[in-house]
């Protein structure tokens with residue numbers, strides 16, 4: 001039996017989960033070949049849930065991060081199908097948990113897409129980056145929201161809060177964790193941003209932003225300025241942390257009977273803003289987002305539950321526009337290609353018509369010659 005045949009049989013044995021057959025074929029020198037899609041025996045064993053076959057192939061030295069023609073690894077296959085045990089054995093053998101396929105989707109994206117909660121938890125346990133975005137600017141959390149899977153969304157949201165966003169695609173994203181003390185330094189003294197409920201984490205970027213404690217603390221810190229009978233003075237207060245944070249600067253300006261809080265950073269999303277305690281707030285508060293988003297005004301006498309609906313981040317808008325442009329370009333190219341094929345077909349048809357006309361003319365001439373020869377022969381016989 002040739003090596004090509006041995007390789008084909010190894011693929012079929014891996015697909016069927018025939019461990020003994022896999023061992024025999026490898027002992028006889030079967031190569032670790034792939035099919036026309038680049039699928040290896042390990043891909044097939046992982047896809048079809050054959051745990052023992054997967055272990056046999058891994059011990060034999062099959063590449064744990066082999067790629068198909070669309071850059072999918074065995075881990076992608078197992079995660080997509082929900083085979084948690086195979087996902088774990090691949091990760092224990094050193095498979096790349098953050099490997100991306102042609103769509104820039106990781107195993108976590110695919111497990112979330114198919115609602116495999118056990119696999120999602122396992123991937124997070126082994127260090128999967130929950131901030132990674134696909135080619136369509138979607139994180140695993142975005143996919144869970146799109147699919148309406150609240151349980152997965154909660155798991156992923158907790159993981160995002162516990163992970164520092166080191167995604168190179170979002171360099172402006174800054175995360176300040178609750179463990180990092182935050183203070184405001186200004187004329188009103190040093191104010192700790194942590195409120196009685198312990199809400200002190202402020203996260204800038206694509207995740208939710210908690211600003212309730214910040215608003216209350218800023219208003220309380222600047223209250224002496226607004227109650228003073230002296231000439232209004234513009235006071236600037238800055239947020240400092242125990243660690244250096246360059247991306248988040250908050251300013252409070254008290255002038256003209258209002259308190260204006262400006263959060264200076266890139267790509268801030270302000271989610272649902274619930275009620276703010278009335279204690280310590282004597283004047284309206286205006287929150288201005290720096291990227292052209294809405295302004296929220298909370299009167300001191302009528303503080304109610306407000307919801308600010310912000311536009312999509314510039315990065316996501318740009319990504320969507322790029323995808324739309326690519327789709328339009330692809331449609332234009334497809335129409336042009338079809339038009340070229342149609343023109344070519346018309347030219348071929350015209351050429352065939354001309355050839356047919358020429359053949360008909362030749363046939364007519366030949367028929368006339370035959371008739372002339374027949375008349376001549378008839379005349380000779382009559383003579």
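Glycine is treated like the rest: Cβ placed from N, Cα and C.
Feature annotation from Swiss-Prot assigns N-acetylserine to 2. Per Swiss-Prot, N6-acetyllysine is recorded for 69, 340, 369, and the stated evidence type is similarity to another entry. The repeat 'ANK 2' annotation in Swiss-Prot covers 37-66. Here Swiss-Prot flags 70-99 as repeat 'ANK 3'. Under the heading repeat 'ANK 4', Swiss-Prot lists 103-132. As annotated by Swiss-Prot, repeat 'ANK 5' applies to 136-166.
When the Cα of residue 369 (N6-acetyllysine) is compared against those of the modified residues 2, 69, 340, the shortest separation belongs to 340.
For the repeat 'ANK 5' (136-166), the DSSP counts in helix, strand and coil order read 21 helix, 0 strand, 10 coil. For the pair formed by the residue listed as 'N-acetylserine' and residue 340 (N6-acetyllysine), distance between Cα atoms is given as 45 Å, rounded to the nearest Å. In the three-state DSSP scheme, the residue listed as 'N-acetylserine' is classed as coil. Residue counts for the repeat 'ANK 2' (37-66) under DSSP, split into helix (H, G, I), strand (E, B) and coil, are 17 helix, 0 strand, 13 coil.
On the backbone, the CA of residue 69 (N6-acetyllysine) and the CA of residue 340 (N6-acetyllysine) stand 29 Å apart. For residue 69 (N6-acetyllysine), the Cβ neighbour count at a 10 Å cut-off comes to 12, with all displayed protein chains included. Using a 10 Å radius centred on the Cβ of residue 340 (N6-acetyllysine) and all shown protein chains, the other Cβ atoms total 10. Annotation note: residue 369 (N6-acetyllysine) sits in a helical segment as assigned by DSSP.
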